[in-house]
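Feature annotations, reproduced from TrEMBL:
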{"type": "DOMAIN", "residues": "14-419", "note": "domain 'Major facilitator superfamily (MFS) profile'"}
{"type": "TRANSMEM", "residues": "12-35", "note": "transmembrane segment"}
{"type": "TRANSMEM", "residues": "55-76", "note": "transmembrane segment"}
{"type": "TRANSMEM", "residues": "83-106", "note": "transmembrane segment"}
{"type": "TRANSMEM", "residues": "112-133", "note": "transmembrane segment"}
{"type": "TRANSMEM", "residues": "140-160", "note": "transmembrane segment"}
{"type": "TRANSMEM", "residues": "172-190", "note": "transmembrane segment"}
{"type": "TRANSMEM", "residues": "239-261", "note": "transmembrane segment"}
{"type": "TRANSMEM", "residues": "273-292", "note": "transmembrane segment"}
{"type": "TRANSMEM", "residues": "304-324", "note": "transmembrane segment"}
{"type": "TRANSMEM", "residues": "330-352", "note": "transmembrane segment"}
{"type": "TRANSMEM", "residues": "364-383", "note": "transmembrane segment"}
{"type": "TRANSMEM", "residues": "395-414", "note": "transmembrane segment"}
Amino acid sequence: MQAKDSNPPDGGYGWVVVVSAFVVMGLTVAVLKTFGLFFVEIQQHFDELASTTSWITSVTIAVFHLGAPVASSLCVQYTHRTVVITGGLLAFSGMALGFFGFNMAWMYATTGFLQGLGISFSWTPAISIVSHYFSKKRALANAIASAGECAFAFTFGPFFQWLISQYGWKGALLIIGGIQLNICVCGTLMRPLASSCLEASHCKTETPPGNGASRRDKEDKSPITHKTFNWMLVRRPEFVLYAIFGILAAMSFFVPPLFLVPLSYSLGIDESWTASLLSILAMVDFGGRLLCGWYANLHVTKTIHLLAMTITLISTSLMLLPLANNYLSLAIFTGFYGFFFGTTVAIHITVLADVVGMPEFDSALGLFMLIRSTGGFVGPPLAGLIVDIAGDYRAGFYMAGATLVLSAGFLVILDQLQQRKKRGSKIRTKPEKSTLPYPSLHLLKHQ
């Protein structure tokens, strides 16, 4: 299946696509990450309970994940460019309409549903088209693109806080919506691979005329003419194993940021120092993504092996983090966790592309996001229940670390399955090669 990848450009205009995806990541996920700054403002304005107000973010996250298969299907039917531009318009609409703030139901429908759909329609095709443009450098390209989330999140915190203080939360929403219109600009830069780069990449190669040329054309166009969303990927054992890994990993990834601040408060750490932990988390996350992308680009280690190692290191850091008893030790363990989290995010999409192959990647990305969302929904409440039972925030980190160890086991099983299939295919092709070891001698024998 990977033979149909048609040798992506692996550079050139692809780097423009990477920069565009970098900005899209920042204007979508980073906005979602820092939306908590509006929480108290909206809660006080409508005089609602915290649980009622939190549904705005919950709706956004749910629609973000549930909309991924729809976004992937639209990418297959149309182009990544079209879907990203549509996502930018939806994200702008969600924030701009949220400016009116009629009631809480209105906020659910605008900054919740429309914003979540806009993020889904922007993020999914942006990360997908990067993988289409790159093959050998795919890990590095994905790492750079995903790092936009960290870079923008680091600056959006103080910027959004300033906007709220100057223009109020409604005015800030309108301005942020206007900024998100830049997603449409990034979308226009995501040139469809079929009509430009792919053809340009191969038109200059020397191909003999005749049947060879037509056969080459068919091979080049094979990923582009794949026009149906493949729901049957759920029947492939490799995809199922990777999806289970995604569920377990998502159960863990949402837990540490949730309990890091309460844990620091329980240790008696001042609020100003506690806020710096989130900055440390963002910085080392950024560094981990770029460093891991660079290392994976060297092709020294198989990507699935590298992912298994980073997952193991994350789980180790989470198991050690509860041992911290002051700010310095907590900052060190937080740094380790953030760095290895960044390395994981940098390559997990690359591994998905390796598992299913590029012709099925758009479908696989949508399904993977949809299935993984269950882990994101179950993880925080489960960790909260464990914390309530134990009466200690440390229990949540132990739960997250143990779940990640379990997820790494499914990566090992997946790798073993792939190696077994590879050995099986070699055994099946070996007798065919041995029947005619010297074709010229075989012909002479029958003359």
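Keep in mind that glycine also has a Cβ here, set from the backbone N, Cα and C atoms.
Unlike curated records, TrEMBL annotations are generated automatically.
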Proximity of the transmembrane segment (239-261) to the transmembrane segment (83-106), 3+ C-beta pairs under 8 angstroms:
no
In the same chain, which residue numbers or ranges, 6 or more beyond the ends of the transmembrane segment (12-35), come under 8 angstroms Cβ to Cβ?
56-57, 60-61, 64, 84, 87, 91, 111, 115, 118-119, 122-123, 126-127, 129-130, 133-134, 141, 144-153, 156-157, 160, 176, 179-180, 182-183, 186-187, 189-191, 196-197
How about long-range neighbours of the transmembrane segment (273-292): same chain, 6 or more residues beyond its ends, C-beta under 8 Å?
139, 143-144, 146-147, 150-151, 153-154, 157, 257, 260-261, 264-265, 306, 310, 327, 330-331, 334-335, 337-347
Verify whether three or more Cβ pairs under 8 angstroms connect the transmembrane segment (140-160) with the transmembrane segment (304-324), leaving out any pair fewer than 6 apart in sequence.
no
Averaging the per-residue pLDDT over the domain 'Major facilitator superfamily (MFS) profile' (14-419), what integer do you get?
85
